[in-house]
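Please read the structure below before turning to the comments.
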Amino acid sequence: MKSVGLITEYNPFHNGHLFHATLSKQRSETNVTIAIMSGNFVMRGEPAIYHKFKRTEMALSAVDLVVELPLIGSLSSSDTFAEIAIKTAQYLDIDIISFGSESASLKDLQYLATQMIDYEKHPDFKEKLKQGKSYPRILSELTHNDTLLQSPNNILGISYLKAMQQFAPHMSALTIKREGSLHHQKVIDHHHFASGTSIRRSLMNDNVDWKNVVPNQIQSLYCKPHTTVEDTFPFIKHQLITQPKESLHSIYTINEGFENRLQTMIHRSDSFESLLSNLNTKRYTQTYIQRVLMNVLLNITKDDVNKEINAVRVLGMSEKGRSYLKYLKANYPNRHYITNVNQKTAHYFKNEIKATHVYNLLSNQSQTDFNTPLVRI
């Protein structure tokens, strides 16, 4: 069975995602479409607006199999996000990775990916990082290509292509041009497509604009967001005030000395937004700071990080997805494709289980990794 993989967050699922999934199936000429989806926390450095089980149900309107991207991928830089996603795709024997981009020129993006792998080995690259320059800015300077590197989906696509060259050279790639609104557009201003940011804002504000840009057949699944990033503040504050500096230093993604700034600025902040503003510097992007704060919230330490894939958590599937899962189990009997988390399998997903517990504290949800059945359609 030939498969195409989509690396996703679906926060929430919308017409742009449906467009991407539909064209990916058509252009890849594959039998099965697989979504590797972030769980309850997403790459922006915040909790997803709906828990992963609801988002899985949404996704199955367009794909055949949904698996969870390991938490470490979701709360990392684009390169680590891509590395873990591609390794997960390899574990699932995916043939083609399809991603959206502003460029839609696979040749240009692959050329930049190859350039970057070489540039990152140079002493100049590491020196610029030490100077506090952001990763996209350094790459823009080194490659002399501002246009492609100004677009977030291009940058992420390049990270996928780098990871494929390094970890899965047999895998093919396909890119599909994004349609409609810009990635971080805050207002729904298109009759069919909109950014995730604008849809989340519409849902939060209880207006109905989101209905124009979400597939009709799944609109009944949408409701006011389960939680927002602001809900995390009391828990983050507790962690920063009660944890010793040495413990904070061990938190995943914290760079040398940033724990000092965290413990200073928490006493000057009365909300997540104000903490973010107080922590802001030229050296660190807002997204980096938010991911650090989520790792503080979840107490994810450097010792918790494992970039190898030892098992995959299956969240949901269609009949076609079920057939593909049977194919995987028959062809890779030593791999672990987990559809039911229990005492025997929980050790594979310690970070994800903890993230679900914390998400439930934030959102007053009750669906855990142990009591929620596989989503089937």
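For all residues, glycine too, the Cβ spot is worked out from N, Cα and C.
These features come from Swiss-Prot:
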BINDING   7-20, Gly100, Asn153, Arg178  ATP binding site
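DSSP classifies Phe19 (ATP binding site) as helix under the three-state reduction. Note: Phe13 (ATP binding site) has non-local neighbours Arg55, Met58, Ala59, Ser61, Ala62, Val214, Pro215, Ile218, i.e. same-chain residues 6+ apart with C-beta under 8 A of its own C-beta. By a simple count of nearby Cβ atoms, those within 10 Å, the most crowded of the binding-site residues Tyr10, Phe19 is Tyr10. Shown are the binding-site residues Gly16, Asn153; of these, the residue with the fewest other Cβ atoms within 10 Å is Asn153.
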